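Novice: First, the structure itself, so that you have it in front of you.
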């Protein structure tokens, strides 16, 4: 037993030395964890779209249309860039990206209301970013409701006399909508928690890719064959390497998932103990997956080609931005294959939504199953690659 | 010319010598096309699971439930006895929102007292939550007028007249280009190219950098007769061709098979995509030439590439970000590409509105050319071979 522990300790020492003496690995860790962690938060810190510019095409030139423009302008979501353009000029502004929408007020806007009819204003929104569309929707709804409140008393005269008093008695049903688990209703507080977990996953995969790719390329992997290629020995190699990765990432997670949400006021209403309980299988499964995937990592740069391109795809695959229920079945299956997707979803549920571990049992159990499967695969990969490299070196 | 051919053939031999190149130049782009073409299902946020808490259990509350159930956005998957249970189900992500019909709802509504309908939507998952909210909002706003309409009808006032009374001013909304707010129309095209630019950046850096790493740089430059421009063109041309074919194929899948609407012709889109491929390659060469140590630069490039997703401005508008971030976004080819594509797709506004972006894509090529002498010097000096 003691012999095995000494063996593991030696590999751990080696691994730490490899990590701490390589510029490129340190760069991935510092750049990926610290710079990226801070940068992403900074980029999304505005959180909500405010004062999106719109153009008002006012053909009515009336008291009512000016009142409407004022109401629109005071909403936080949009800002009226100009109301002195005709429709073609407004279109031109839109083509130049100077406005994100056009509000067209027809010339009978006030006349209709004065006649007891219904006035309509028409909105054209760009869909180049859905958040602009949502801002315009919210702003125009608010302006419309405010204007309607103002003019409703004036509309009384168009109703029969008895009806007026009866209608004044009737109360519309009050509708109250409440956003759950996102106190700023912002984009950043929705996206950042997911991005943080994906940063952990991607940098850890890159780290493992760079280390194991280098081992293969330089042939230093052959050193693991010094005590034979038994499954037990390979398990010790995998365990020792994983120990190093998990230790390092325990510290990084304190920064990314502990400090950053505090610094940037992210929603973090989770129980820290349960978040740690989720991170344990996540980091283990990711390390084992990385070591198992090292089958394809033949030099220290090639793994990055295979890993880095999909960072953004993982946001989709995790089911945070688009509901899993609406994806085709094969992507729902893929969701349960990589550790990052259940972990992202689980983390968002724990931390942003204050769920308990029992409510994310599916994700949690999935992660532990992945640990088992990828551990065995990692051992076999190391057995195979170590044997292969040793063999080719032997021939030389 | 002979030098050019010799670099070209040399590069093609390098490409077939390792399976890696086949994987990253062919398999990964195809995977990205497939991923972005299929991940959104049919692109419509429909049948989103929601719950209903009906504490009233009256004719009117059942009518509300029926109305909610008939909205295509929703699929009512569960009925809860209290709001607490519904909230728990939301935390477990079984539902994305719920409606609470309180006790005495019908009694209050018919008696002219204040009756409240509260709906809750999941905003930790903002994009789904937004859909749930707007569907609730449109359905319930209409419903909320029911007591007034009932009184009015009793008094002999027509429904038209009472809606005019309640809403003298009404809006009519027209989302341009994507009228049904389809997610695949919105995201599939830009996000394919966001993935693709990461691949292009990395492959270009790897293709050039591996010459230094595997110490074949001298041979590379010799085969080009010492001309760095020929060496670089010959080296990158095969990739440009492959990536251009991939872009055309991706455009075919997106616009031909998936029927994403587009206002321009098919070829302007492809030409812009090819220009984008070249500009991205040029940017990779530029960044690599700054410090030609592959192990360092490739990790920097992978981070730069991933930033493209944020700075392209597709998800969160860059103009709403802080000024330093906004201005940084102009350094990324993908941002200009997205701008040109929006111009082409949304209305084919014309060259007058896109020339700045197109011109800027050409600037990357210039930047790369300016750095070539430095790169040649770096390759021949062998200084960067052992930096890890």
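Each residue, glycine too, has its Cβ placed from N, Cα and C.
Note: TrEMBL annotation is automatic and uncurated.
On a predicted model such as this, the values are computed, not experimentally measured, just so you know.
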Novice: Could you check which of A:168-189, A:190-211 is flagged in TrEMBL as transmembrane segment?
Specialist: A:190-211
Novice: Ranges A:144-163, A:304-323: which does TrEMBL label transmembrane segment?
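Specialist: So the range that TrEMBL calls transmembrane segment is A:304-323.
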Novice: So which residues does the transmembrane segment (A:21-43) touch in its own chain, when a touch means Cβ under 8 Å and the partner is 6 or more beyond its ends?
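Specialist: Residues packing against the transmembrane segment (A:21-43) from afar: 188, 192, 195-196, 199-200, 202-203, 206-207, 210-211, 214, 248, 252, 255-256, 260, 263-264, 266, 300.
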Novice: Any chance the transmembrane segment (A:304-323) and the transmembrane segment (A:190-211) have 3 or more Cβ pairs under 8 A, given the pairs are 6 or more apart in sequence?
Specialist: yes
Novice: Counting Cβ pairs closer than 8 Å, which of A:243-269, A:275-297, A:362-384 has the most of them with the transmembrane segment (A:190-211)?
Specialist: A:275-297
